[in-house]
Each structure stands twice: as structure tokens, then as C-alpha cells.
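Trainee: Here it is: the structure, laid out below.
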Amino acid sequence: IVFRAAQKRSDIEIVAINDLLDAEYMAYMLKYDSTHGRFDGTVEVKDGHLVVNGKKIRVTAERDPANLKWDEVGVDVVAEATGIFLTDETARKHITAGAKKVVLTGPSKDNTPMFVRGANFDTYAGQDIVSNASCTTNCLAPLAKVINDNFGIVEGLMTTVHATTATQKTVDGPSHKDWRGGRGAAQNIIPSSTGAAKAVGKVLPELNGKLTGMAFRVPTPNVSVVDLTVRLEKAASYEEIKKAIKAASEGAMKGVLGYTEDDVVSTDFNGEVCTSVFDAKAGIALNDNFVKLV
């Protein structure tokens, strides 16, 4: 997914990929995607390299990032997407290998600084290893910031209705740490934990301790929903809330926070470039201080 997204940007050039898969299988997985469709471009393998749209990309299969010799191919930024090297100590092996920066594609397991577009991106001060948080935090944080900046959040609960992930089981199987998580993904709505709401407190310190949440894993292949229910400090009608979110989506958060009043469903957001899209028709208000936002 990172690779496909990068192909749509002129300011990103993929020069190397490290994976334990061989190049032929990488090419196959890039060409064909059950969720996002066929790759729009040419993909082939030559002399052990992946060649995409005529550009040669170095392929390696190193288990230890320290051996990757990123400097030999002029790597500026490594997208650390294995889910294994999630601490400063382990991710720093990429720096040792010659990379200048490392972005963890999920939450870190230590105090590695976390940055989210639409939340605290402007506080980035050049750190060489950062986390981009989780997909749920990226969806929640921009919306929470707009609401808190305009109306103040006293407290809130978040529920994410989350598409299935690769760690789930196609049929019931062993899952010793999470018994429910071992049940068949295609057959069940599975309650699960998530640290996404609490993580918002790391990127928006003013909300630290004010939000928590949970997840339901559901049998859909892609696109998840965040349901944010909050109590407001400043009373506001639902129309006023919509107006504030729409203004943000057209202003400072354009390209990060989207806004729609269409009668949309989840598949309409397959391939969406915004990290969060507010569904104006889906939310409801109990009164001017208690509201559910989707």
C-alpha cells in the first residue's frame, strides 16, 4: 500500500525494498490486489531487481536492518512496516545502515515520538525516528482536534468498527492472548481492544486522559469507521459542529480531514487519500453538549 501510494507522488522515489519474499512474489503481489485492484503500471523482475514503470528497485532479504547498506542506494527515509522493529533501539539499525530518517508505520513500543497529520505535525523538530501512529489514531485525531479547538471536549468514548486484518483467523483457531481474536473473521463481529483513543492524548496532550475506546472487528476487507461520542464544554448545535468541521476540511486540514454529506457507505472510501472523512449525515446529537460523530 505504501508503494502504491508513493507511485502517485512526484516527490517520492522508491529505491529499495527489504522483505523476506523473493522478487518474483513481490511483483505478483504488487500487480494483483484483491482489495485495491490491479496495479496501474508495468511490473517485472530483472536480475533480481524489481522493475516498476521502467525503474529498477533494489531488492534484499535481510533479517537484520543493520546489514541493509541503505547508503549504497541513497535512502533518505525508511518506511519501517514489518511491525517488528518498533522501538528506537531496533529501528535505529536503519540509521546505522545509512538511512537518514525512519518512519514507523504503526505505534511504537517505547517513547518514540508520534506525529499525526492534522494533529501535531507542526511540532516535528527533525527527529530521525518517528511513529506515524495507527490508522485509527490518524482517523480520530484530526476530528478530535477540530472539536476540541472549537468547542472543548470534556470527555469522550470512541468505538472503531474495524475491517479485518491479516492477523485474524479465516476460521476458528488458537489465539492464546486474545481468545475472541481467534474466532473466524468472516463469521463474527469481534469485540477487541484498541489503544487508538488513548494515543490521541500523545499527539494532542490537551486531550490526555479524556478519551478511551474499543473496537469491533467486522467481516469487511477494507475501510473502518470511527464513532466518537463526546461531551462538549461549549454548547453547540449539530449544524454548528458540521460547519466547523467543513471549514477545517477546506482550510488548515485540507487533504487530511475530508467532509461529505452524501449517502456513502464504507466501500466508497476504498483508496481514499484523506486520513479521516467526516460523515455529516451519520452523526447525531442528544443535546447541545452531547454528540456522536462519525
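Cβ atoms here come from the backbone N, Cα and C positions, even for glycine.
Pasting the relevant annotations from Swiss-Prot:
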BINDING   Asp19, Arg63, Thr105  NAD(+) binding site
BINDING   Ser134, Cys135, Thr136, Thr165, Thr194, Gly195, Arg217  D-glyceraldehyde 3-phosphate binding site
ACT_SITE  Cys135  active site, nucleophile
SITE      His162  site 'Activates thiol group during catalysis'
MOD_RES   Lys177  N6-acetyllysine
MOD_RES   Lys234  N6-acetyllysine
Trainee: In whole Å, how far does the CA atom of Lys177 (N6-acetyllysine) lie from that of Thr194 (D-glyceraldehyde 3-phosphate binding site)?
Mentor: 14
Trainee: A 10 Å Cβ contact count, applied to the binding-site residues Ser134, Thr136, Thr165: which residue has the minimum?
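Mentor: Fewest other Cβ atoms within 10 Å, among the binding-site residues Ser134, Thr136, Thr165, is found for Thr165.
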Trainee: So of all those recorded positions, Asp19, Arg63, Thr105, Lys234, which one's Cα sits nearest to Thr165 (D-glyceraldehyde 3-phosphate binding site)?
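Mentor: So, of the listed recorded positions, the one sitting closest to Thr165 (D-glyceraldehyde 3-phosphate binding site) is Thr105.
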Trainee: How many whole Å apart are the CA atoms of Thr194 (D-glyceraldehyde 3-phosphate binding site) and His162 (site 'Activates thiol group during catalysis')?
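Mentor: Thr194 (D-glyceraldehyde 3-phosphate binding site) to His162 (site 'Activates thiol group during catalysis'), Cα-Cα distance: 10 Å.
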Trainee: Please give me the recorded positions out of Asp19, Arg63, Thr105, His162, Lys234 that lie within 10 Å of Thr136 (D-glyceraldehyde 3-phosphate binding site), comparing Cα atoms only.
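Mentor: Within 10 Å of Thr136 (D-glyceraldehyde 3-phosphate binding site): His162.
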Trainee: I need the most crowded of these recorded positions: Arg63, His162, Lys177, Arg217, Lys234. Count other C-beta atoms within 10 angstroms of each C-beta and give me the top one.
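Mentor: Top count of Cβ atoms within 10 Å goes to Arg217.
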Trainee: Looking at the binding-site residues Cys135, Thr194, Gly195, which one has the fewest other Cβ atoms within 10 Å of its own Cβ?
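Mentor: Fewest other Cβ atoms within 10 Å, among the binding-site residues Cys135, Thr194, Gly195, is found for Gly195.
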Trainee: At the Cα level, what's the spacing in Å between Asp19 (NAD(+) binding site) and Arg217 (D-glyceraldehyde 3-phosphate binding site), rounded?
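Mentor: With distance taken Cα to Cα, Arg217 (D-glyceraldehyde 3-phosphate binding site) is 28 Å from Asp19 (NAD(+) binding site).
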Trainee: Can you check what DSSP calls Ser134 (D-glyceraldehyde 3-phosphate binding site), collapsed to helix, strand or coil?
Mentor: coil
Trainee: Report the same-chain neighbours of Thr105 (NAD(+) binding site): residues 6+ apart in sequence with Cβ closer than 8 Å to its Cβ, ordered by sequence.
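Mentor: Correct list: Val2, Ala79, Glu80, Ala81, Asn132.
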Trainee: For His162 (site 'Activates thiol group during catalysis'), find which of the recorded positions Arg63, Ser134, Gly195, Lys234 come within 10 Å, Cα to Cα.
Mentor: none
Trainee: Quick one: give me the count of other CB atoms within 10 A of the CB of Asp19 (NAD(+) binding site).
Mentor: 15
Trainee: Using only the residues recorded as binding NAD(+) (Asp19, Arg63, Thr105), report the maximum Cα-Cα distance in Å, whole number please.
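Mentor: Greatest Cα-Cα span of the listed binding residues: 18 Å.
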